[in-house]
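Peer 1: Shown below is the structure under consideration.
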């Protein structure tokens, strides 16, 4: 009896050991499968994240490109504005210079005597006739516009030279400018010099006794 009982216990323990071993093997198999599942899911998640990262990178590059283009457009616009402003300043400076020259010429003309102004007008009339004759010639050559501008500049330059020469013979006294006459003009424009004999005769006549002034 005892020997059979011992044998039964041994068989039972062996069976238990075999069952435990089988369970351990099952656990190992399950754990391996879990690892495989986890690893496969990680790979899938990595594959899913890759397009997102690529999308973010491409979106960032596109935004940076748009910012760069916008900055270039702003720089170009600023450059055009500076160029436009510079041209406007140059035009304004030219106009201001022309106005100042015109004002100076008008002041000089206003300070000159009427006789000299008449001489200038006569010279201008002669220049106008000369320019009209040249204008007809240039019309024949189909260059009227350019030549008219050249003639206008020539007349203006000649007029300035005339005024400049006239200013040499004038002296400014306070707010007025006095024209100095040449020796050839003295006898025509200045009054005659006083004669002492004539003055004495006039005084005697005015102070004669017949008047009885006393």
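Any Cβ shown, glycine's included, is placed from N, Cα and C.
Keep in mind it's a predicted model, so treat the numbers as computed, not measured.
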Peer 1: Would you mind telling me which one of 40, 144, 187 Swiss-Prot calls phosphoserine?
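Peer 2: Record says 144.
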Peer 1: Look through 65, 131, 182, 197 and state which residue has the annotation phosphoserine in Swiss-Prot.
Peer 2: 65
Peer 1: Tell me which residue from 45, 83, 98, 196 Swiss-Prot records as phosphoserine.
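Peer 2: So the answer, going by Swiss-Prot, is 45.
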Peer 1: According to Swiss-Prot, one residue among 16, 201 carries the annotation phosphoserine; which one is it?
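Peer 2: Going through 16, 201 one by one, Swiss-Prot annotates 16 as phosphoserine.
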Peer 1: Across all chains shown, how many C-beta atoms besides its own are within 10 angstroms of the C-beta of residue 65 (phosphoserine)?
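Peer 2: Neighbour count, Cβ to Cβ under the 10 Å cut-off: 10.
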